[in-house]
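Chemist: Here it is: the structure, laid out below.
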Amino acid sequence: MPTINVNKVDLERLSNISLSDKIIEDRFPMMGVEVEEIFEEVDKNGKKQKMVQFSINPDRPDYLSVEGLARGFRGFMGITTGIQEFEVLNSDIKVIVEENETRPYVAFALVKNVLMDEFVLESMINLQEKLHWAIGRDRKKLAIGIHDFDKVKAPFTYKEIKGDEIKFVPLGYEDEKMTPREIIEKHEKGIKYAHLIQNDKFPIIVDANGEVLSMPPIINGTLTKVTPTSKNLLIDITGTEKEAVEETLNIIVCALAERRGTIVSVDVNGKKYPDLSLKSRMISVESINKKLGLELNPGEMIQAVKKSGMDALYEDGNLIVKIPAYRNDILHNVDLKEEIAINYGYEKFEGKLPSVATTGSKDPVEKKCNAMSDLMIGLGFYEVMNLTLSNQDTLFEKMNLKVEEKDYIEVLKPASIEHRVLRTSILPLLLETLYINKHHSLPQKIFEIGDCVVIDENDTETDTKCKNIKKIAGAITHPLTNFNEIKSSTEALLREFFEDFEFENYEHPAFIPGRCAKIIKDGKEVGFFGEIHPEVILNFELEHPIVGFEITIE
């Protein structure tokens, strides 16, 4: 977990409370922030300063600065509760964004009249670097620039240039002007982050006079270097993910506003930043008590919500919770339940002895799956393990299946196009595995036991309206394989683990007509098996006949 070192005097000043070592060691862990150590260090003036090192959970990037940490602690201790709203003043400052392929997303904001000193400057630099890691993935996803606004002139332009198109003095080289290409070849930061520059295109931010503020994600210019005497700060965030860029900007401007800074909007190609509008979620009172094992009334829940820096009102059995813009960790209602638990007080939870003494044992479904695995291995199959994430092409198109979007769950922000859908079936992934292993000798007999995820509109237990289903699937390929071979293996499995099953003829687009059967148990379809259609075999770029089965375990 990332750690931050905080000056104790500065923390007390921002928290509006005197903090003994005991209070720090007792109370901060109860709000989810671990205290690593309390120590002394000598500052630049030779004076001893008491410092506190905290470990911050990655899901709370707003705690990566003393300002955000103090804001959270004030609420936790009940000093200031509810949403702390930050006013954003309008301005005519504009940023012109030209086409930028490398880092297409950009957001700006101005914070005026910041009460700057050595503490603030150090905290700001540390926050910038911690966010580069926590959200920016070491500047790959986003990069942050903070500038002395008084040294430049609006409007600003964000564009891409060639490596030798311009010269400026980068931070660390106080007098030597360098081109972007020279920076990535000679400058320490340039060498470190040169891999983030693509196709000899260098993102650059310049002011109305053509002066360079920054070459993101590499280095800022010396011209706008922030010092303890700077008071008006211009923040730029550039990156590859729009939501991350905007959320990071919100965290930084709200931290600087804790230093009595005034947030001023900046027009970026017609859109005003920052956007500090509140988010909203609805959560049932009953679900909160059920999850926490408590019997809190709505008033107690609202009090806990307000201590977490949010607001709430009660309406028809639900809490309507208002969430500030810097809280990017509230992704699901379970996060709200955690906030209520933290601010109600973990120390108030009472342990209860179970009424019946029991001993631990394996889950019955897992025991059944392990036994199935042993049987399949005994039948000569090799077990494989695929990812639960797949894609529409593998799951549906190659299997000749026609489905609508409502029939599967798609990942909102997939890491790759190959992993953007939660699988609804295992058999297509086995065919993909056979393709990967087509250079190996035949026969090949493989199986997998794992979870598939399906939509369940009748689900009342979760907010996601989906559930995991445990399935087993197998596939065989060699030149002479046929329906009888897969029927024999499937029957062996069914006789051992399923009772009173029967087969019926089944027309399935992925199988040869007349050579596919569905498995019926208690009047319900629980699986199917048969010979894979030649068209499907060719879709997976395979060459030999394939037979397969798939059965729902639970």
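The backbone N, Cα and C atoms fix where each Cβ goes, glycine too.
Computed from a predicted structure; not experimentally measured.
Below, the features straight out of Swiss-Prot:
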DOMAIN    276-351  domain 'B5'
BINDING   Asp329, Asp335, Glu338, Glu339  Mg(2+) binding site
Chemist: Highest CB neighbour count within 10 A among the binding-site residues Asp329, Asp335, Glu338, Glu339?
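Modeler: Compared across Asp329, Asp335, Glu338, Glu339, the most Cβ atoms within 10 Å surround Glu339.
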Chemist: Which of the three DSSP-derived classes (helix, strand, coil) applies to Glu338 (Mg(2+) binding site)?
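Modeler: SS state of Glu338 (Mg(2+) binding site) = helix.
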Chemist: Give me the mean pLDDT over the domain 'B5' (276-351), rounded to a whole number.
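Modeler: A mean pLDDT of 94 is what the model gives the domain 'B5' (276-351).
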Chemist: According to DSSP, folded down to helix, strand and coil, what is Asp329 (Mg(2+) binding site)?
Modeler: coil
Chemist: Across the domain 'B5' (276-351), what are the DSSP residue counts per state (helix, strand, coil)?
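Modeler: Its residues fall into 33 helix, 17 strand, 26 coil.
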Chemist: Hey, for the Mg(2+) site built from Asp329, Asp335, Glu338, Glu339, who else sits with CB inside 8 A of the CB center?
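Modeler: Output for this site, in sequence order: Asp59, Ser308, Ile330, Val334, Leu336, Lys337, Ile342.
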